[in-house]
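**Q** My questions will all concern the structure given below.
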Amino acid sequence: MHIFDPWWNLNVSLEHGLNSADEDDLEDRQRRYGKNYVEPESAKTFVQLMWHSFQDLTMMVLAAAGFVSLVLGFVPFTASTPAAGRNLAAGSSHAWIEGVAILFAVFIVVSVSAMNEYQKEKQFRALNAVKEDETIKVIRDGVPAEVSKFDLVVGEIVRVDVGDIVPADGLVFDETDLRVDESSMTGESLLVVKNSKSAPFLLSGTKVMEGVGKMLVICVGSNSQAGIIASLIRNGNHNHNATVSKTNGGSADEYTLVSSPKERLVEQKLTTDLQNQEPGSPLQGKLDRLTIFVSKVAITVAVLVFAALAVRYSIVKFAINGEEWSQAFIGDFVSHFILGVTILVVAIPEGLPLAVTIALAFSVKKMLEDNNLVRHLSACETMGSATTICSDKTGTLTTNRMTVVHCYMSGNEYESFPTLQLQMSPTTKAILCDSICFNSTAEILPPKQVGAQPEHTGNKTECALLQFVADLGEHYADVRKASHICHMLTFSSAKKRMSVVVPLTASKCRIFTKGASEIVLELCTSQLNLDGTTSAFGAAERNAVKDNIIEKYASQAYRTLSLAYRDVDASPEVVKNWSDEEIETDLTCICIVGIEDPVRDEVPESIRHCNEAGIVVRMVTGDNIATARSIALKCGIISPDDGSLVMEGSDFRARVLDANGNINQSEFDKIWPMLRVLARSSPKDKFTLVSGLQVAGQVVAVTGDGTNDAPALKKADVGFAMGICGTAVAKDASDIILMDDNFRSIVNAVKWGRNVYDSICKFLQFQLTVNVVAVTMAMTGAVVLEESPLTAVQLLWVNLIMNAFASLALATDMPTDAMLHRKPYPRNKALLSQTMTKHIFGQAVYQLAVLMPLTFVGDSLLGIESGQKYKRGGATGPTLHYTMVFNTFVLFQLFNEINARRIHDEPNVFEGISRNRTFVVMASVQVILQACIVQFGSVAFGCVALNATQWAICVAIGSTSLPVRFALRWFSARLMPQW
């Protein structure tokens with residue numbers, strides 16, 4: 001069959017799809033109809049980012065003050081006396097240099113901030129490209145295949161299944177009970193029935209919730225409905241008209257978008273985007289509160305410094321000396337103002353958002369290497385507070401490489417399938433193989449590399465059954481071609497089974513059912529014999545099979561499934577109108593299979609790490625309770641006689657839900673502390689468990705792979721979707737995608753979460769120490785000496801050290817296994833611990849105890865000329881005295897930056913420093929730049945070049961912050977406040 005349309009001329013076979021070897025045809029389709037890629041909003045240029053960084057109020061005020069200072073430097077009069085910041089060469093031809101230096105410093109700060117933003121945006125765009133790409137199931141060359149979403153072309157035949165997000169616009173055919181969620185397009189919550197006759201259009205971005213089918217792609221990328229809406233949103237163009245109409249002959253819930261999207265769809269998308277914006281994480285809330293508090297203190301200090309300088313200057317000049325006002329005094333008041341604003345710049349922790357951004361960007365990139373694809377940034381640090389992990393079994397704790405190892409049929413057990421093949425009749429074999437091949441949607445594709453295993457796509461349990469068919473000498477594709485499915489009951493987590501109806505004749509159908517062994521077994525009234533006949537299968541026989549076969553397989557950690565069938569004398573059209581209960585009744589048991597899914601080798605150790613880290617792992621599975629208990633024992637989730645609670649979903653619901661289906665929290669609180677395994681559970685049970693744990697104060701991470709897991713994934717504090725076996729709907733609802741479906745990757749995410757939190761705390765410990773020392777020195781100098789020993793340009797350099805270099809150096813440490821030896825951070829944990837506060841104030845007090853004497857009497861102690869203006873008789877310009885004060889102050893901070901690498905009183909601050917190349921590079925850059933500033937920055941920075949002895953003195957004094965940190969370890973932090 002071919003489709004030929006005068007508008008498109010697609011020339012594609014619906015049965016065979018495109019020819020993957022015809023690259024010219026594929027390229028021509030891309031050239032004519034576009035690529036399946038929607039260009040994201042264009043990135044901001046570096047100049048735009050600089051302008052954004054400059055929008056900071058303190059930067060603008062400082063730049064304005066610097067400009068005024070620059071203008072005054074060219075005014076042909078002499079300012080009276082240099083007040084705040086020791087105006088450089090006041091009254092000389094170099095009077096304008098301080099203004100230039102301030103403007104240049106502002107330019108450097110803004111440029112560095114813009115560069116970091118540019119790098120961050122570039123990294124996140126690369127991450128988004130990985131996140132948006134996915135593998136799509138298609139038909140090419142007449143066989144199932146997989147291609148990248150971005151490689152889809154018009155004319156492609158796409159296979160759609162439950163849980164898929166439609167990757168492009170298309171026309172559906174060969175569908176079975178297909179229902180789609182189009183709420184992302186229309187805002188309507190009702191599922192929309194899709195069929196090739198009355199409602200054939202599938203729209204990109206919509207979600208397949210029920211049924212299966214195939215789709216002929218007709219629009220891709222920017223030409224698809226999702227692409228058009230994205231373009232309208234990006235361009236702010238809401239003027240396109242659209243019409244949503246019901247399809248002729250369709251029911252009220254059968255509708256499709258038949259033209260361009262209308263305004264309300266764009267508004268709906270915008271509303272959805274706003275609703276989906278990441279909420280502030282607990283860490284972000286704490287940072288915001290701390291920033292506001294510090295900013296208030298900084299503003300107060302800056303105003304007081306400016307007022308103190310201005311008032312004292314006015315008293316001396318006009319009250320004591322009796323001088324009259326002249327324009328010459330303007331420059332001095334401007335200098336006072338510049339110093340006040342500079343103190344504000346230094347004191348306000350505007351570098352904190354940069355540190356958070358760098359820590360998250362670094363962590364997200366590294367987490368991807370650990371097979372964690374982060375979709376929501378807040379999930380990174382939230383994992384550091386996780387107290388409970390509710391994990392699936394299949395694929396996460398186990399390998400998900402399933403194999404049928406046992407088969408019970410007609411009263412006999414088989415481990416050798418060639419023996420089974422020899423003993424059963426052709427009729428029995430046909431029924432067994434048909435039941436597997438028709439009642440599944442999985443595919444086994446050829447290996448991509450020579451010597452590799454075949455590629456399994458779709459449900460891994462179904463893949464194991466398809467391999468079982470191959471072991472019996474049949475090929476599933478040939479079986480499927482022999483007939484077709486006329487009706488399907490998709491798998492239901494509530495019923496734990498699925499069924500298909502296959503026509504035998506015009507008036508007769510065969511129903512195939514598979515599902516949880518004990519549940520399907522209860523629906524059987526007969527069993528299939530090896531010779532093709534059937535025999536009675538009463539309650540006594542069923543109970544015997546449960547006790548002797550199902551329990552036996554389950555105790556060996558095998559997943560058990562029952563296969564059954566039923567022949568009915570009714571046409572396919574009649575059967576389609578039957579209820580589920582009418583279809584799935586009076587079945588004949590074909591066999592029971594035991595499927596092995598080994599525990600991953602690394603899982604027991606990973607769970608032990610979680611236990612040491614104070615994280616409880618709970619297994620939530622749909623498997624039999626005996627299977628679940630056996631796997632939990634092997635994993636280390638439970639131990640014999642440890643009092644752990646293992647429950648089935650039905651018992652759990654009966655105990656924790658009231659008559660209205662709401663959680664009875666008091667009853668829930670009696671269960672959850674010891675609950676470790678929830679077997680035969682549904683996604684609704686998982687949602688109930690997550691909700692109850694959160695009310696109990698737990699920070700919950702949960703894994704999920706199915707479409708019905710989406711509510712629990714969204715509800716959890718951190719939702720993990722399976723990257724290999726997870727549906728697109730589950731991935732879309734998640735915070736992090738496990739690219740390898742491996743539980744060990746979750747443990748790595750815990751380490752990274754704690755590392756993000758620690759990185760922010762390291763930066764805070766460093767920055768607040770600098771703030772306290774710098775602000776105290778500036779304020780004391782203003783009050784006592786009528787000048788600050790640190791100039792405005794010098795303080796801006798210190799600000800650059802804090803904001804740019806320190807954030808890079810301290811936010812890029814790798815996590816260690818030692819992080820798993822601590823308990824999770826509580827939600828209400830203070831951002832600054834007592835230990836951190838001890839080191840902040842301990843270092844600040846020590847540094848001030850050294851710098852203050854160095855400022856006031858350092859000239860006498862060192863035998864050098866004083867920098868204080870009253871001792872210099874009004875002379876201006878850089879001095880050796882204040883240069884050594886500035887150099888010692890900066891070296892204190894550089895050595896304390898090493899101290900800040902540890903925030904838990906660890907004894908060795910140098911541990912792992914060589915593995916963090918960024919820290920080594922940043923520290924080296926800071927030292928080199930500081931040396932250059934001191935030796936060659938005499939005019940701009942107000943410094944005098946130091947000799948070797950003077951450098952040695954400064955380094956010796958600055959390095960004492962290391963032993964001081966070691967000494968502080970021996971002081972108790974119990975009396976220190978928490979912030």
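Yeah, the Cβs are placed from backbone N, Cα and C, and that goes for glycine too.
Because TrEMBL annotations are produced automatically, they should be read as predictions rather than curated entries.
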**Q** Of the residue ranges 619-638, 879-898, which one carries the transmembrane segment annotation in TrEMBL?
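**A** It is 879-898 that TrEMBL annotates as transmembrane segment.
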**Q** Over the domain 'Cation-transporting P-type ATPase N-terminal' (6-74), what is the model's mean pLDDT?
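**A** Here the mean pLDDT over the domain 'Cation-transporting P-type ATPase N-terminal' (6-74) amounts to 79.
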**Q** Counting Cβ pairs under 8 Å that are 6 or more apart in sequence, does the total for the transmembrane segment (919-942) and the transmembrane segment (879-898) reach three or more?
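**A** Touching, yes - the transmembrane segment (919-942) and the transmembrane segment (879-898) meet the threshold of 3 or more Cβ pairs under 8 Å.
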**Q** At a Cβ cut-off of 8 Å, and with pairs 6 or more apart in sequence only, do we get at least 3 pairs between the transmembrane segment (791-812) and the transmembrane segment (879-898), yes or no?
**A** yes
**Q** Checking distant contacts: for the transmembrane segment (879-898), what same-chain residues at least six beyond its ends satisfy Cβ-Cβ under 8 A?
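**A** For the transmembrane segment (879-898), the list is 86, 766, 769-770, 773-774, 777, 789-791, 794, 797-798, 801-802, 806, 809-810, 843, 847, 850-851, 854-855, 858-859, 862, 864-868, 872, 909-910, 913, 923, 926-927, 930, 934, 942-944, 946, 950-951, 953-955, 957-959, 961-962, 965.
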